[in-house]
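**Student:** One structure, pasted below without further comment.
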Amino acid sequence: MAGKARVHELAKELGVTSKEVLNKLAEQGEYVKSASSTVEAPVARRLRDAFPKSGGKKGGGDSNGRAGGAKPAPPRPPESSGRTEAQAPKPGPKPGPRTETPSGERPKPGPKPGPKPGPKAPAPETKPFEEAPAPAAKADAPAQPRSEQPRSEQPRSEQPRSEQPRSERSGPKPGGPKPGPKPGPKPGPRGGGDADAGVVPPKPQSPKPGPRSPRVGNNPFGVGSGAPAQRPPRPGPGGGQRQGGQGPGRGGPQGGRPDRQGGGGQGAGTAPAGGDRAPRGEGGGGGNRPNPGMMPPRPNPGMMPSRPARSGGGPGGGRGGGRGGPGGGGGGRPGGGGGGGRPGGGGGGFRGGGGPGAGAGTGAPAGGGFRGRPGGGGRPGGPGGRGGAAGAFGRPGGPARRGRKSKRQKRQEYMDNMQAPSVGGVRLPRGNGESVRLRRGASLTDFAEKINANPASLVQAMFHLGEMVTATQSVSDEILELLGSEMNYKVEMVSPEDEDRELLESFDISFGDPGSSDEELMSRPPVVTVMGHVDHGKTRLLDTIRKANVQAGEAGGITQHIGAYQVITELEGNERPITFIDTPGHEAFTAMRARGAKSTDIAVLVVAADDGVMPQTVEALNHAQAAGVPIVVAVNKIDVEGANPAKVRQQLTEYNLVAEEYGGETMFVDISARQGTNIESLLEAILLTADATLDLRANPSMEAQGVAIEAHLDRGRGPVATVLVQRGTLRVGDSVVAGNAFGRVRRMINEHDEDVTEALPSRPVQVIGFTSVPGAGDTFLVVDEDRVARQIADRRGARIREAQNAAKRKRVSLEDLDKVLKETNQLNLIIKGDNSGTVEALEESLTKIEVGEEVELRVIHRGVGGINESDINLATAENTIVLGFNVRAEGKAAEVANREGVEIRYYSVIYRAIEDIEQALKGMLKPEYEEVELGRAEVREVFKSSKVGTIAGCMVTDGIMRRNAKARLLRDNVVISENLTVTSLKRFKDDATEVRDGFECGLTLSYSDIKVDDIIETYEMREKPRA
């Protein structure tokens, strides 16, 4: 075999299955992956040497209990084609050839098992290729000359064949078989007639017992024998070596042609009509005496069957009986029963398991099959199913057929495909109004996982909908809702609170009281938030209560931070603590006021008696009412000239705050924070309201939970967060997580700058130990270990970034694409502040500035702490302005900024920063121009010049005509041409820069169709100052 041999080629050559070759190679320590793999020449040589030993054992013995008179024939020399010939028969599937049984065992007398075929009995050698047997020319000629001559000498066959003497093989005929005139087994001169090398004793249930009852051939590959589908002969031992070798299938009407499925064989069965019966002594009738013209065609791969052969044994006894008569049984390999005919046949054996063949029209009690399993049988009466051939060309049992779809199934699939939405040719899943919950900033991959779809299909669908997004890109809520509506899904965006709750539940953590008993609950101080308009005296009121002066330390006299304090007051002789939270009143601190209202028990609304209700007063009132907290109104500045407390009561009545003296439930207290008037009455009103309307109890034994009111970056202490404990007790050493910041409590400081070791409910403290600055308003909670805190913080940070990316991405449709592509001026900012609440308020206020679509503001970075070198480096790369709010440049940052030309602006009052940025944005606007008319001239004459073109002789009737000015041409008060230019202007023969009204001039325009009496109007574009 030239080159490297493949496993299935070696299996053909050795006459075994590919599985056995693979097993043998594994035993030899060679790893081969599959039947199509190649093996090296030394490995193939060892494989060939190994198989005769094992094959001789299997093939030489008489596995079916036959007489051992047959001797193995000597091995054949290699044929002229150079193909190596294996020295062993097929090891597993075919036991030794049947030797002839004594004549006494047969129902038919005669020297059938004559001694002649004895020496030429089955040769236990296999041939590389098993060809279709040639028809026997003369059935009574001895087979001795044929076994000595290699098959390669014959012109119609390429492979050498070892011959076996034909044993008698007769199939009972339905019409009464006649015994052949030559009962003795006389081998024919041609190997093709060796179809019956072994004798099978007839079954007792044969319908024609006695001397006239022939035996059924034993061909495991006969149609209907329970063997695998018939196929053309493979390389291997010739028909003379096999039990019932291959002979011409010539039963019945097909007596003269070989069988197309498996090659005909002179089998036992004969057709009731058709060709002449062969003598009984020749092993069954197969037609006329064989002759060379009946040789089958040479085997080739094209003869492989494309589908399993039909059941029903052929009249021949070869590897496959043809489509023979009703009782014909195909001869098989050693050990196999005869293939049953159409009425019923025995099972064909594959590996020595088949019982004796059945007679015509009867089922075989023991069928062959794969490895001796029951199988075989004809179409109507066969006892079992087909066997199977294992090897490189298929799995055992034949190819599995896939059932055809029913019409109902096809119709249902068609209807499903018709109802499935198709966007741009992409099939999408159909949702029947189902709800899909997605988090903020989700990607198309997240959406596809929810609906079990392909993300690439959603990307393609979005492209056809005019949206260009990737599968992993965070997309906005409206894009997800648009895509969901196309597929009939209802997209629900998870709120940040629900998303955070689901995140905590994944760690078996719940935020809130898990349900403490009454014994565990203890009373706590009320948390009071002071709210109101700017400059109405909120901080002065707290200073008076605390007997401190905080207002003097605030820039501009306005509060720009949230301050938290706890004071002790007396009520009915008992000292009662009250926690106060001071919120900014400036309009920029809306978010701070909202956070203060959410984390409070009672809201104190401070209104100046001289100013009355102001816009921030209404806003603070709305925050308190939205949070559902009771309100106590403090009418301040009653000592100021022009104060009118009654007016304040009347105005607040419009906002559902009715004073008690007017029959309402809201307590009004007239105070003077500067003079300290009625402060005790205000504190008493706060405590009475808390006792009357609130159940102020908390469980101090649980793990601490609360809210971060504000946070900042301290230069010496790092991130510092002011937290308000709402439940539980916070202790030094606890692992805490607040928003996307986490850490371990290293130190806690109260409002008097004193260290404390624990903080009970309603106690505000400053916590040191966070790894980063938490966001103002973030909830904090204590967890078991740092690892859990880090994981929660990381997931929160990733969620926040995705939501920000989705919000930044503006939805751009194809109609708005031209606007997007226009060049716009952009002002980049870096904001650094002293605490997170101030930075948030400043950024929110700056982004609300609107000066036009041509200029936009972009905050590329924000942070808490001083301005450092990394901020300057980022500003250098992005051409950015750095804003420092209550902070300064650290270290060499100022020096680097001067060297790189980065502008740093420092602010301490928020509204000044807002004004400066608004002016800067207006300065970046493109100038606006307006048209200003210069003059008009009437065309009196038109001259043609080959050098300069058309010359208009004009009289200036109004204004001036100026060279290089813009002009338009009017004819009968209709604009003929626009955007023209006065290219030349002359007064007589002299060039002129301008010509005033009342003078004549000659001019040329960038337009040649000028006629007499046309009007030339000149104008110029002047920049229009912005309001």
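Glycine too: its Cβ is placed from the backbone N, Cα and C atoms.
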**Student:** Of 576-579, 636-639, 676-679, which range does Swiss-Prot call region 'G4'?
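**Tutor:** Range annotated as region 'G4' by Swiss-Prot: 636-639.
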**Student:** Tell me which of 17-21, 557-561, 647-651, 987-991 corresponds to the region 'G2' entry in Swiss-Prot.
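**Tutor:** Residues 557-561 are the ones Swiss-Prot records as region 'G2'.
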**Student:** Tell me which of 582-585, 598-601, 898-901 corresponds to the region 'G3' entry in Swiss-Prot.
**Tutor:** 582-585
**Student:** What is the number of residues in the region 'G1' (532-539) that are helix, strand and coil, as DSSP sees it?
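**Tutor:** So the counts come to 2 helix, 1 strand, 5 coil.
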**Student:** Under DSSP, is Ile638 (GTP binding site) helix, strand or coil?
**Tutor:** coil
**Student:** If you draw a 10 Å sphere on the Cβ of Lys538 (GTP binding site), how many other Cβ atoms land inside?
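**Tutor:** There are 28 such Cβ atoms around Lys538 (GTP binding site).
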**Student:** Can you break down the compositional bias 'Basic residues' (401-410) into helix, strand and coil residue counts using DSSP?
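**Tutor:** The counts are 4 helix, 0 strand, 6 coil.
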